[in-house]
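Remarks on the structure that follows.
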Amino acid sequence: MDSSSFSSTYDPKGESDAGELHVLAVDDSVVERLFLERMLKDSEYKVTTAENGVRALEYLGLLGDAGEGAQNKTDLKVNLIITDYCMPGMTGYELLKKIKEISYLKEIPVVIMSSENIPTRIEKCLEEGAEEFMLKPIQQSDVKRLRCHVKSLNQPSPGRLCLGR
């Protein structure tokens, strides 16, 4: 995989004929990114991957030099963003904050994942608007749970409890 490009089978409507949900998965580790992509695809998600926060912002059309990879804000249809917390250049927390600052993106659910269980970090992410903070290694049951965050866009739930098992 070319680390300077996105991995995607992009459908501008965000759904294939089968009604797949489109997830933007961000992780600086190639192994973790491929593992997450495979688990998401196995759960019938459409997946676009980015190797860092800057590339994710480019894909979302938030950086001026995004070029052809950027989508017009009216064309972009990402149903959920899942990002690693610890990445060089821009943390998952910083990416979360930037996404939540943009009016047409702030309703997209963002899930942060990390191998480090640091309560203050988890609380900070949830306070900033993350739907959930998942500990790595991500399991298939975690991936199944993501679907309820997407549904919460159309049917808000009163809390953060999301069981997908």
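Any Cβ shown, glycine's included, is placed from N, Cα and C.
Nobody curates TrEMBL annotations by hand; they come from automatic prediction.
Per TrEMBL, these features apply:
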- 22-151: domain 'Response regulatory' (DOMAIN)
- D84: 4-aspartylphosphate (MOD_RES)
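On the 0 to 100 pLDDT scale, the domain 'Response regulatory' (22-151) averages 90 in this prediction. With helix defined as DSSP H, G or I and strand as E or B, the domain 'Response regulatory' (22-151) counts 55 helix, 25 strand, 50 coil.
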